[in-house]
């Protein structure tokens, strides 16, 4: 385990301002991680259902339960299952949902989890510690599949060159080995701010953990569990993720100019808007960047749930709240 500075939640003040949590409300933190957003919600007096697919995050979060008078409920599930998991606990509607997309600081900071190219560790990258590891993928996938993953999920412009270098360097079992293979393939000048391995590690991680599918399903789940007037706050770090969030909120708010055969037009009898924008997208200012360098690429989007039924479902009856 590496020694790191204390975890600082990204755009925490802006997230809490967007959610407006209050005493007695029920909120979902869909990505508990090191618990930064959950702590802020608890301090505001809310009850929090904190989800995380990573068993390490849940285990370490147990200490935070003490002294909360039952207001913190840790849920060892993917956030895409929030509707089902809440229903199993007698909750149909909540006042707010927070999602901080991607790898957590806790996962990045631990070399033994294999997420970071900045520290040597086993090439793993699995959030749930099950299924295919990053080492399995880079050592068994063919060159074309690796190139497709790097291009589609990492937006790596020289994906084929990197994929070829990975195949030629097999076997690769350590994060430092993979990072060096990519750097040699692309060239790396010490003064460059962005490490050439960034896109490759991002792409493989997203692929192994099916993160984009999880995000799409999680947004739809948030739509189902939020009460009318409830708020959704999503922090994303990559353009691919932000496009998914932007498209979801644009479509659900009725901001799409016109319908198509894929997306019905609300003005022509399609579903009524289920969200409305609260504010423009928020990005980190100078003070935030100085305090928390990880916020450099972060984008926060906040929306308010309307009284319309979730898209693709019958109108929702009055539900139970925690």
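Cβ from N, Cα, C; glycine included.
Same-site candidate for S-adenosyl-L-methionine binding, as annotated by Swiss-Prot with 35, 36, 37, 79, 100, 107, chosen from 13, 52, 66: 52.
Under 8 Å, Cβ to Cβ, and six or more positions away along its own chain, residue 100 (S-adenosyl-L-methionine binding site) finds 9, 10, 30, 31, 33, 37, 235. Within the set 35, 36, 37, 52, 79, 100, 107 that the record links to S-adenosyl-L-methionine, no two Cα atoms are more than 17 Å apart, and one pair reaches that distance. Within 8 Å of the Cβ centroid of the S-adenosyl-L-methionine site, not counting the listed residues 35, 36, 37, 52, 79, 100, 107, the chain contributes 29, 30, 31, 32, 33, 34, 38, 50, 57, 104.
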